[in-house]
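*Asks:* TrEMBL lists these features:
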TRANSMEM  B:16-34  transmembrane segment
TRANSMEM  B:41-59  transmembrane segment
TRANSMEM  B:65-86  transmembrane segment
TRANSMEM  B:106-128  transmembrane segment
TRANSMEM  B:148-170  transmembrane segment
REGION    B:178-209  region 'Disordered'
COMPBIAS  B:197-209  compositional bias 'Gly residues'
Amino acid sequence: MHIVYPAVVSALLFSIGVYGVLARRNTILVLMSVELMLNAVNLNLVAFDVWLGDRLHSGQVLTLFVIVIAAAEVGVGLAIVLALYRNRRTVDLDYLRDLAEPADGPTPGNPTVTDQAQTQRHTTDDQPVERDHGDGRPAGRGGKS
Amino acid sequence: MTEAMPSYLSPTGQEIIFLLLGAVAVGSALLVVTTRQLVHAALWLVVTFGALAGCYLVLTAEFVAWVQVLIYVGAVIVLLLFGIMLTRAPIGRSTDLDSGNRPAAVVVALATAAILVTVVIDGFRMAYTPLTPGQGGAAELGGSIFSTWVLPFEALSVLLLAALIGAIVLSRTDITGANGTNQRGDGPNGLSRTDTPGGGSPPDQTGGH
């Protein structure tokens, strides 16, 4: 077995994972892409373990450890996503910008502090996109700064 | 390690099978990140993980292959499907699964792929190893884990326990913070409770415990 084959497959999988993490908007899809990247690393570990003929099997043991850590990561990540969904009614990463720098101009669909009163009147809406239909106030960061 | 390298033009049966499985894995991974349906992404991920388990089998890592099937295909996919359903994701086609920085993501991913593939091919062009079966069975791996790698194994069990407790604490709603308020809902600007009327217990509307 040429070692180039698993190495190239793993490099392609890693790049696909990078694309998914950067391009996807849903948090669960981002978690799936992280899993793809971890699997690329696993394939590399197994291939190089076979190539080097390690007597301690460090590559395969480390693959098992990575699999376990990936399982723990998915568990905690999904708990975080569910808590987020419970509090925000959305898991779209584009709307979760509270830790971002104050952008120049209003970010579309950003639920901010000033919309709290309006939001509590519209308690049944699932989408926080159009929050500016209360009294004509723009949905930007009105009185934040 | 690099003895008597055969030509690339006469691949063995193992290499052909590995390349086919790798093509399946890469193709279904592409479908994972490009599909328009959330549930289909999870199901294509099953195909990717299964093909990768086949790759491990070809690489004589049998135990890793079965652990991959058990944990990834069995547990992680089910967890992801649970997450999809509990967040009430739309079943069916949805148009807004990609964010606005998709062109930048394409550029970054293509650059990453180009650099990694170039470096890997350049570095390991001459690397070859014959595959001898029996190197990755449960007996060998078990002996290795419980003799050499015992300490990381135990540390990993503690990490799993911590992750378990963390997930429970994150997903329970009746655990209150030090000041008697909800632990997750008391952000500094009160943003977190904007969707619940009167700041009551949040999961009443979701029904998702």
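Glycine is treated like the rest: Cβ placed from N, Cα and C.
Give me the local environment of each listed feature.
*Replies:* Long-range Cβ contacts of the transmembrane segment (B:41-59) within its own chain (Cβ-Cβ under 8 Å, at least 6 residues beyond either end) map to 14, 17-18, 21-22, 24-25, 28-29, 31-33, 35, 65-66, 68-69, 72-73, 76-77, 80-81, 84, 131, 136.
Here the transmembrane segment (B:65-86) has long-range neighbours at 38-39, 42, 45-46, 49-50, 52-54, 56-57, 206, 208, meaning same-chain residues at least 6 beyond its ends whose C-beta is under 8 angstroms from one of its own.
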